[in-house]
Structure formats: structure tokens, C-alpha cells
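This report concerns only the one structure given below.
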Amino acid sequence: MSMTLIIAAAAVLIVFLLVMGIGSLMQSGSDKAERRVKDRLRAMALTADIDAASVDLVLREAAMSEVPLFNRLLESMRWSSNLSRLLYQADAKGSPGVYLLLCMLLAVIGFYAGSFSGKIWVSLAGAIMLGYLPIWILQGKKRKRMDRFQKQLPEALDLMARALKAGHTFGGGMRMVADEFDGPIGPEFGKTLDEINYGMDVDRALSNLQSRVDCPDLKFFVVSVNIQRETGGNLAEIIAKIAALVRERFALFGKIRVLSAEGRVSAYILIALPFLLTGILYVVNSDYISLLWTRELGQNMVWGAAISMIIGAAIIRKIIKIKV
């Protein structure tokens with residue numbers, strides 16, 4: 001297949017995806033109230049303990065795309081539920097179908113842009129990098145939201161412990177957290193309390209909370225409350241000790257972050273150094289450095305260096321990322 005035909009096919013696909021994406025966005029934004037209901041139903045569908053019939057009903061109500069054909073295609077794919085979970089945890093607006101179309105569109109644009117180099121591997125690299133960009137952004141938003149939840153958790157648990165010591169019920173303590181705290185912990189505790197008030201068992205409601213929120217410290221709270229309900233004990237004291245444990249983990253993580261700062265600075269310097277040297281050499285002797293993008297051997301060297309930098313940055317990030 002000639003490169004001209006590939007470029008033409010990519011251009012047609014770009015137009016098609018643009019039309020599909022614009023149509024989906026216009027249709028999904030036509031009814032805000034309906035979208036809020038669907039988002040709530042999609043959050044309920046993420047819970048692991050709902051029976052199969054309920055999950056099927058919720059998924060039918062909370063469509064993954066406003067385009068019927070595309071919605072049926074997404075519902076037939078197993079990984080679409082992971083995308084729905086990611087969108088919920090990142091607090092992103094829009095349906096999974098919109099983001100999938102965006103990924104496909106950017107992948108085609110990346111392939112189309114790389115096709116001008118005349119090398120198929122450059123086109124594939126551009127498609128992969130641009131196609132994964134929305135997912136990478138969503139993962140970043142999810143990480144920030146979950147970090148904020150984790151930072152709010154000790155204060156929320158302290159408030160619950162004080163409420164229990166003052167004579168409030170467990171539900172009353174959760175209501176105080178839902179009313180006093182901003183997102184994400186306030187709304188999440190509010191949803192859990194709503195499930196309990198609507199008749200759901202406390203164990204299942206807490207399990208649903210744990211499945212919606214990707215926070216390791218929350219598991220201590222959920223397991224402790226479930227065990228206390230079975231065996232008894234001073235729940236206020238248990239929750240206060242969990243809050244102290246979470247704070248100790250934060251302090252330890254801060255120390256580790258200080259000790260690993262040297263590795264992060266080294267990574268920043270190693271990544272910035274090639275660009276800095278390229279700029280200096282271009283100012284000093286532009287003819288000398290221009291061989292890197294005017295000759296085929298130079299272009300291959302640049303691509304090889306870029307791939308090596310990405311791999312090296314990933315390895316350094318893996319080394320300095322220590323879980324507590």
C-alpha cells in the first residue's frame with residue numbers, strides 16, 4: 001500500500017471521527033439533567049456487589065454513548081467498564097464513547113502527521129502517543145483527585161470519631177462528613193449514606209465506596225467497620241486510631257519523598273540537557289547541528305535518542321516511586 005493511499009485513508013477517517021465526535025457532543029449536551037442521572041447510575045454500576053440483573057439494567061440506563069450503534073459496540077467490550085471507572089474517578093464530564101472517539105481521532109492525526117516522514121514506524125509511534133494522550137490526562141486527573149481524597153481522609157475520620165464519642169450514630173457521623181467536607185470525600189460519603197438510608201446493607205454500601213474510590217487507606221476504614229459490626233467494640237476509638245495511622249503514613253511518605261528528591265532532580269536534568277545543548281549548538285553553529293534533521297542518519301539518531309529518553313525517564317520514575 002502506497003503512502004499516498006495511507007494518507008488519504010487517514011484523512012477520510014479523521015473527517016468521519018470529527019463528525020461522529022461533534023454529533024455525540026452536541027447530543028450529549030442537550031439535556032444536562034439526564035446526563036446527571038446517567039452519571040449517577042454509571043457510578044452505581046461500578047460497584048462490585050450488585051447482582052447481574054441490576055448491573056444490566058443500570059448499564060442500559062446509563063448509556064456509554066449517545067450513538068446507538070457505538071453504544072452497543074462499547075457495551076460488548078469488557079474494558080469499557082474500566083474506562084467508565086476511570087472517568088468517574090477522574091470526575092470527568094462526558095461519556096466513555098466521547099473519550100474513545102477522541103482517542104481514535106488523535107491516533108489518526110498522529111499517524112497522519114507521522115506519515116509525512118515517509119517511515120511507517122514514525123506514523124505508528126505518533127498514533128500511539130497521541131491516541132493515549134486523553135487516557136494519560138484522565139489518569140493524571142484521577143491521581144490528583146484520589147490524592148485529595150487521601151489527604152481529606154484523616155480529618156474526616158477524626159470528625160466521625162468525635163461525632164461517635166458525642167453520641168451520634170454511625171450514619172450521623174457520615175452525614176457530618178458529607179455536609180462539612182468538599183469533594184471528593186464529602187460527595188462520596190454522601191452517596192454511601194444515601195445507599196444506607198435507601199435500605200442497602202452497611203457492609204455492601206462501604207464496599208461500594210471502596211470500589212468507587214481507589215484509596216488504599218480507605219480499605220483500613222472499611223474492613224475495621226465491618227469487623228466491628230461483627231465482633232463489637234469501641235468504634236470511635238478504632239476510627240481515631242485509623243486516622244492516626246493514616247497520618248503516620250503521610251509523614252513516612254514525606255520523608256521518602258525528600259530522600260528520593262535527588263533522583264527526581266537527576267531525571268529533570270538528564271531530560272533537559274539534550275534540548276539545552278541543541279539550542280546552544282544551534283546558536284553557535286547552526287550548520288553543524290542542522291545535520292540532525294536534514295540528513296536521514298541524523299533523523300534516525302534523533303528518533304533513537306527520543307525513544308531512549310522516554311524509556312530512561314520511565315525507568316527513573318519507577319525507581320524513585322516508592323509505595324508506602
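From the backbone N, Cα and C atoms, a Cβ is placed for every residue, glycine too.
Just so you know, TrEMBL annotations are computer predictions that nobody has curated.
For 6-26, 97-114, 120-138, 265-285, 297-316, the entry in TrEMBL reads transmembrane segment. Here TrEMBL flags 157-281 as domain 'Type II secretion system protein GspF'.
Contact between the transmembrane segment (120-138) and the transmembrane segment (97-114) is present: at least three CB pairs lie under 8 Å, with pairs separated by 6 or more positions in sequence.
Remote same-chain partners of the transmembrane segment (265-285), defined as residues 6 or more beyond its termini with a Cβ less than 8 Å from a stretch Cβ, comprise 292, 305, 309, 312-313, 316-317, 320. Secondary structure by DSSP for the domain 'Type II secretion system protein GspF' (157-281): 106 helix, 0 strand, 19 coil.
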